[in-house]
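Annotated features in Swiss-Prot:
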DOMAIN    584-856  domain 'Protein kinase'
CARBOHYD  Asn49  N-linked glycosylation site
CARBOHYD  Asn96  N-linked glycosylation site
CARBOHYD  Asn142  N-linked glycosylation site
CARBOHYD  Asn181  N-linked glycosylation site
CARBOHYD  Asn256  N-linked glycosylation site
CARBOHYD  Asn289  N-linked glycosylation site
CARBOHYD  Asn295  N-linked glycosylation site
CARBOHYD  Asn312  N-linked glycosylation site
CARBOHYD  Asn332  N-linked glycosylation site
CARBOHYD  Asn340  N-linked glycosylation site
CARBOHYD  Asn465  N-linked glycosylation site
CARBOHYD  Asn473  N-linked glycosylation site
REPEAT    436-458  repeat 'LRR 2'
TOPO_DOM  24-513  topological domain 'Extracellular'
TRANSMEM  514-534  transmembrane segment
Amino acid sequence: MKSLHWFLHLLIIAFTVLRSVEAQNQAGFISLDCGLVPKETTYTEKSTNITYKSDVDYIDSGLVGKINDAYKTQFQQQVWAVRSFPVGQRNCYNVNLTANNKYLIRGTFVYGNYDGLNQFPSFDLHIGPNKWSSVKILGVTNTSMHEIIHVVPQDSLEVCLVKTGPTTPFISSLEVRPLNNESYLTQSGSLMLFARVYFPSSSSSFIRYDEDIHDRVWNSFTDDETVWISTDLPIDTSNSYDMPQSVMKTAAVPKNASEPWLLWWTLDENTAQSYVYMHFAEVQNLTANETREFNITYNGGLRWFSYLRPPNLSISTIFNPRAVSSSNGIFNFTFAMTGNSTLPPLLNALEIYTVVDILQLETNKDEVSAMMNIKETYGLSKKISWQGDPCAPQLYRWEGLNCSYPDSEGSRIISLNLNGSELTGSITSDISKLTLLTVLDLSNNDLSGDIPTFFAEMKSLKLINLSGNPNLNLTAIPDSLQQRVNSKSLTLILGENLTLTPKKESKKVPMVAIAASVAGVFALLVILAIFFVIKRKNVKAHKSPGPPPLVTPGIVKSETRSSNPSIITRERKITYPEVLKMTNNFERVLGKGGFGTVYHGNLDGAEVAVKMLSHSSAQGYKEFKAEVELLLRVHHRHLVGLVGYCDDGDNLALIYEYMANGDLRENMSGKRGGNVLTWENRMQIAVEAAQGLEYLHNGCRPPMVHRDVKTTNILLNERCGAKLADFGLSRSFPIDGECHVSTVVAGTPGYLDPEYYRTNWLSEKSDVYSFGVVLLEIVTNQPVIDKTRERPHINDWVGFMLTKGDIKSIVDPKLMGDYDTNGAWKIVELALACVNPSSNRRPTMAHVVMELNDCVALENARRQGSEEMYSMGSVDYSLSSTSDFAPGAR
């Protein structure tokens, strides 16, 4: 056994070495020494082995300089030079990256009296069109480091320095590092670093590349009230954060083990929203009678994570799935031993970020690309304002451009004025990519060649001014362009006194126009007469008894779409263009299924989930009708609510309330990267899902059978409240008489009632069977069907394991024993009753809800007894702003 233990550690060492070797090539790194000259110069910084190069290929403006020689020995080489921007309000670096990927972007600023003025600058940093941070230099040798984790929406990124006062913006270095997309998850916005610390066992400065393959800068933290523990053995750091070995091999624990440990900090902005990432690994070899288990709460007892046991020599990363805030900017985190613990809490590393809201959308990417090409083609880099995003923000729009700013999509260019811009050569085809352009002024330049035909294809274009270009061929106007002029949809100015006009038509045209006008007046009178007749009839109709119901009860039987008025409810019907707007052209995918794809949306300021029917779905429209019919007439706090629906031509969509925490299966498996669901969470989710299902059976008239109950159809909101979803297969059954309905079998393998499958007779007990399978998943966190098991189906596997009389052998090991044993037995027995092969011997959902409430009560009693064991004293230390941690010394 001992040899196996060491063999596993050797594997971890080998993996770590491979990752280290792989990291040496700095793949994806962009490391710019700003102001470095000449252009060809590159070098490797000795203390980090990072290769830096000049920034000249990434920016068109600025002056180069160097910090005072007296200060150079205090800093790494990449901050010896600076690039400053005395001209222009906004100056931007343009970096080519991979769209929709996550990057760490870091700007470093060391003044070093480079200009001899001894004036400490202050200015703003922008990421694309959005403000990132404010830079305030506090001293000649103070290092100001600003870092953000950002998902780039396009294949290029602008990092801009914006002048906000009398002083001149400058930058020393700009670094971009790729990250795993699965790391640092947020609901929205980007992450600006506040602090990133680790707890070394000996005095140390900071850690970065090549110990950290992503070149994150880890600052050491020491405190009089804390002691440090460490290990020489390797740590398994194989999660999406790729934590450095040197960071995870050490940890801090409070000196006074009997008292809770208080960790606090104050954000620079009181109302800032924050994400906190804590990294844990057990670095001590615990004996059989030693246990390290603790709870984490924050800001007065709000639960962060319960019953945490750091895994032995293996990483566990805990973070909040949504942003948290504090009214005064102060955050207090308390780490307290549980009653089962013999050892104090530990913490290996901590990262704190504030949210940068990305509210300003970037200009349409095709138009940005076109403008960059136009800028390069005509050598327009000398235009001071032509930096960063062409349109956004509006305050810094490029000179000569006018833009439109739609609410839900990126800005668009609607006019381009390059009058007198010293343009030479032919008219570039990149102009044709500005598809919403209405006005184009290329006058008073030295353009040559023919007038391009693509002008005629630009449907939005209303005015073109080509005057003052003596070498432009104005004699050959393309026929298609002449037709646009003839139709008066376009004005073409060719010279100072020459505007291309429509070719003259026959003299009969005025008579035709007069006749058309008379006919138009007559038609208008006829329409008005018809309108008043219809209006009078409508008034009479409204005096009759109340209107017919908007929704026909029961199941819609017809499969012909044109004959289904029963699902048309004007108050909730949404058009396809509205769907496009609310989803931002289907930008963010939440999930995919047999029905189609589910997208994130925003309707009237509220988040929604938009499920689009796939055109390839054979039974999709039938299920669509069934789900609309059901959801328009049922309302329950534990059923996902229907906000609206779209039935617009071939486009079908269901718009639901948004469930921020995804489905139960994702949360059980850990795919969402959040905390392990506690036993208390699981019991509450089971009760709430059962209540929703019980309502369908007993609260609806006629009663409903869901037919597809499974963990992926139980959705969780931001508070982990459960709601039953996906009613596309639901069926009603009679109130009186027979309690079964004969129907074609439908459902999901593994959850499907075998009696229903065998007989085609559907009843509410079919849902009870499926829910029993869900309960077994909740308890065991095992797949429903696993062919590698001796008994593949979860029902059979649990029954077999229970013959040994040990409930612990089937309960999810991620719970680490943190559950009420009596409650676990009770819920497993209930689940096995639900999956009885005979439907007559299964309980009703009303009985299931009652039994589950008993399980919740048992768990609550256990929790209250455990929490009384917490000590009330505290040990605390604080974290200050990231500026105090900035690494500058070599």
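The backbone N, Cα and C atoms fix where each Cβ goes, and this holds for glycine too.
For Asn289 (N-linked glycosylation site), the spatially nearest entry among the glycosylation sites Asn49, Asn96, Asn340 is Asn340, judged by CA separation.
Restricting the average to the topological domain 'Extracellular' (24-513) gives a pLDDT of 91.
Listed by sequence, the residues of this chain that lie at least six past the ends of the repeat 'LRR 2' (436-458) yet keep a Cβ under 8 A from its Cβ atoms are 402, 404, 412-427, 429, 464-474, 476-478, 480-481, 483-484, 490, 493.
Separation of the C-alpha atoms of Asn49 (N-linked glycosylation site) and Asn96 (N-linked glycosylation site): 23 Å, rounded to the nearest whole number.
Within 10 Å of its Cβ, the residue among the glycosylation sites Asn96, Asn295, Asn312, Asn465 with the fewest other Cβ atoms is Asn96.
A gap of 39 Å separates the Cα atoms of Asn181 (N-linked glycosylation site) and Asn256 (N-linked glycosylation site). Across the fold, the C-alpha of Asn332 (N-linked glycosylation site) and the C-alpha of Asn465 (N-linked glycosylation site) stand 64 Å from each other. Across the structure, Asn96 (N-linked glycosylation site) and Asn312 (N-linked glycosylation site) are spaced 41 Å apart at their Cα atoms. Figure note: comparing Cβ neighbours within 10 Å for the glycosylation sites Asn332, Asn473, the maximum is reached by Asn332. Counting only the Cα atoms, the space from Asn295 (N-linked glycosylation site) to Asn340 (N-linked glycosylation site) is about 11 angstrom.
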